[in-house]
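J.: One structure, pasted below without further comment.
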Amino acid sequence: MAVKTYNAGVKDYRNTYWEPDYSVKDTDILAVFKITPQAGVDREEAAAAVAAESSTGTWTTVWTDLLTDLDYYKGRAYRIEDVPGDDTCFYAFIAYPIDLFEEGSVVNVFTSLVGNVFGFKAVRALRLEDVRFPIAYVKTCGGPPHGIQVERDIMNKYGRPLLGCTIKPKLGLSAKNYGRACYEGLRGGLDFTKDDENVNSQPFMRWRQRFDFVMEAIQKAEAETGERKGHYLNVTAPTPEEMYKRAEYAKEIGAPIIMHDYITGGFCANTGLANWCRDNGMLLHIHRAMHAVLDRNPHHGIHFRVLTKILRLSGGDHLHSGTVVGKLEGDREATLGWIDIMRDRFIKEDRSRGIFFDQDWGSMPGVMPVASGGIHVWHMPALVTIFGDDSVLQFGGGTLGHPWGNAAGAAANRVALEACVEARNRGVAIEKEGKAVLTEAAKHSPELKIAMETWKEIKFEFDTVDKLDVAHK
């Protein structure tokens, strides 16, 4: 009689991948998914299916399961929670053994956690809400090339947020006119100017010419002001080889900082560029273009707090974070949550900010959040309150739209920033008393006075689409 070694056929996922009594290990990578199951699929089966498809499972029993220690390598759904106010979906907590993932590879992590499982028929919608990376995995990743303190030392700027501006119009300027716009902003008081995310090397402005004219602007502004200046030179390119070519040229001409679009450019390219920046003493600004395709739908995709953690592991010294008060999507408490994720060494679970797990970053440097998108001088008190000193406040139209020109717009923002910081340091509640603080400063700054008059009626009062589920236990 033949020996039967395994039971062929399809089994319920819950039989193998649902373990409500599992004790989480310090070395496990933990994930929480918001799952909207198909009709007729119960919660335990849906959670187990996600655990299986994002780890070792397939749709049927296979004999090769006997050739490995499946019980060690599998993902385990270990807890289910209600989503407050929405009975169509639920939270599933899943633990993955660290050995499922290649060391230092955010590419490999995402290939499992947000790979084929997102097309799985057992679920109608699936969203990765948060991930806990154990310190054992964090230490395998390079992280930010330099971090906040090293950037302050390189740029010789302390005690306040840094001030930036994205050059507009974002497309269409010649390289010479682009450099002129940078110079006017930098001499007016900005610390940085910036390429926009889609400025690469187009027919109207090739990258090398842009780099040359921008560096001329930086050097001239530094000579006039006595301050260190910079411009985020976007090295995002069609191929990694071309990206490194542009980065090398930026280093050759003396640029202190370059820029990369980490989602459209790719996580592999970003990690490589971060390593290059670390080795070559170059700061790295990260733009999040395409993030809203992934994170804005509250039921399907990847929450931005996860994209933030992935970026900190992959590497970047700056990351766009939204503004709360500007034109772009961003719930206040959720934004404060991912700002903490960027900067702090240890973040406690805080459901009021959407943080599901403790996260220990060890000695990994922090990332400076960048507030950008539809902001102007009237927003300065709120921005300084929300973001604090270790941030970049970046005004594009709020600088270049000044009736007196770029330099005046930069001067208005610099005066507003320093007035808010000085008032805050005296104990003034600047978010409440901001109007009085700015009005007093404007008595000595005609540039600020005109800026306040120009933008006094400009507000972006659309409701946030992706709101926190506030009634967590």
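The backbone N, Cα and C atoms fix where each Cβ goes, and this holds for glycine too.
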J.: In Swiss-Prot, the substrate site includes Asn116, Thr166, Lys170, His320, Ser372. Which of Arg79, Arg206, Arg208, Arg288 does it also list there?
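T.: Answer per Swiss-Prot: Arg288.
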J.: For the C-alpha pair, I'd like the distance in angstrom between Arg288 (substrate binding site) and Glu197 (Mg(2+) binding site), rounded off.
T.: 8
J.: To the nearest whole angstrom, what is the C-alpha distance linking Asn116 (substrate binding site) and His287 (active site, proton acceptor)?
T.: 26
J.: Which ones, of the recorded positions Lys168, Lys194, Asp196, have a Cα no more than 10 Å from the Cα of His320 (substrate binding site)?
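T.: Candidates kept after distance check: none.
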J.: How long is the line from the C-alpha of Thr166 (substrate binding site) to the C-alpha of His287 (active site, proton acceptor), rounded to the nearest angstrom?
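T.: With the alpha carbons as reference points, the distance is 12 Å.
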J.: Counting only other Cβ atoms and using a 10 Å cut-off, which of the binding-site residues Asn116, Thr166, Ser372 scores lowest?
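T.: Among the binding-site residues Asn116, Thr166, Ser372, the sparsest Cβ neighbourhood within 10 Å belongs to Asn116.
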J.: Give the distance between the Cα atoms of Asp196 (Mg(2+) binding site) and Lys170 (substrate binding site), rounded to the nearest whole Å.
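T.: Cα-Cα, rounded: 6 Å.
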J.: List, in sequence order, the residues of the same chain other than Lys194, Asp196, Glu197 whose Cβ lies within 8 Å of the centroid of the Cβ atoms of the recorded Mg(2+) site.
T.: Thr166, Ile167, Lys170, Asp195, Asn198, Val199, Tyr232, Asn234, Met259, His287
